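One structure is given here, and the rest of the page talks about it.
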Amino acid sequence: SQASFEEDNQKQAAVGQWRPLMPSKGSKEEPETGCQDAGGVDETQSTEQLNVSRLRSSSVEIREKGSEFLKEELHKAQKELKLKDKECERLSKVREQLEQELEELTASLFEEAHKMVREANTKQAASEKQLKEARGKIDMLQAEVTALKTLVITSTPSSPNRELHPQLQSPSKAVFRKGHGRNKSTSSAMVSAASQNVTPPPVSHERKEVDSILFAEFQAWKESPTLDKSCSFLDRIYREDIGPCLDFTKQELSELVRVAVEQNTLTIEPVASQSLPVVKVSAEECGGPKRCALSDLPRTCKHRIMLGDSGNYYYISPSCRARITAVCNFFTYIRYIQQGLVRQDVELMYWEVMRLRREMSVAKLGFYPNEM
């Protein structure tokens, strides 16, 4: 082109201008050769400078790109660290929550275990108590069976023993034999059966009305039955019935009789069916078949009593026997109530107690049935 042709002309003119500036002592061609060498060196140097500058620029670019890349990587790493910190914080909260739930679960399990242990101990104690009561009932039933066997062996249909069979006696005698007989196991067996299966016959041709004060005292005693005379129920009966009924002429012997009745250690035997035993005291002190030891009056004595296992017998008149029997019947009945052997309504039990109190009141006035 036109532009390239002009550039070539300018280069040739420039080369021609350098030749006269470089004189030479030798031939005419030397200056031209020197100029050519100088131009080549400059070109080489410029090329090297250009390469160095290019290298520098490229290294600068590499550094800039590397720093930018590192900054990006650093920024990414910081973001990842922040995310990991948040994740760690979340996991830490989850761990704390799990630990708290585990502690609460462990505490609830321990509490439930202790509760189960307490319930098991309570049930075990109740079971042991029931077992003990059942064994006591079994022992009582075995004693009753033994007593009934004794009754069968010692009595026959042709000649029944009326002392061992209360059902063949009069009502007053049968009741008397409940708690104070020669054979205590036999009498207690017959009474426990009678107290559950036989109810006292109602008194005919008379009306009854419950006394509110007496009934309240009996109800209070029934809630926690006891033989302690300090309670209002027994205190009244002691003052109004038991004390006057057991108040005989022989005061010292009367006190011994009262203690024996309270302790259920009194034994009454008919004189006709027993041979006279050898006693430790004189016949005058114990009375005799013709003198009552309690009233100290000449009376025909068909029965005698023994206090505990002392072996001392005291002859008593029918009236004294009726008074002792009435008190014994009362104590026998309230003992059965205390032991839980009476399965009746409270009002029925109250009227039975009133009937027994009436027997004591009648007996202390000197009334007694013919069979005494």
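Every residue, even glycine, has its Cβ placed from backbone N, Cα and C.
What TrEMBL says about a protein is an automatic prediction, not a curated fact.
Predicted, not measured: the structure shown is a model, and the values here were computed from it.
Pulled from TrEMBL, these are the features on record:
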REGION    1-58  region 'Disordered'
COMPBIAS  43-58  compositional bias 'Polar residues'
DOMAIN    59-150  domain 'GDP/GTP exchange factor Sec2 N-terminal'
COILED    67-151  coiled coil
REGION    176-205  region 'Disordered'
COMPBIAS  184-198  compositional bias 'Polar residues'
Quickly jot the same-chain residues contacting the compositional bias 'Polar residues' (43-58) by Cβ under 8 Å, restricted to those at least six beyond its ends, or write none.
none
What is the number of residues in the compositional bias 'Polar residues' (43-58) that are helix, strand and coil, as DSSP sees it?
16 helix, 0 strand, 0 coil
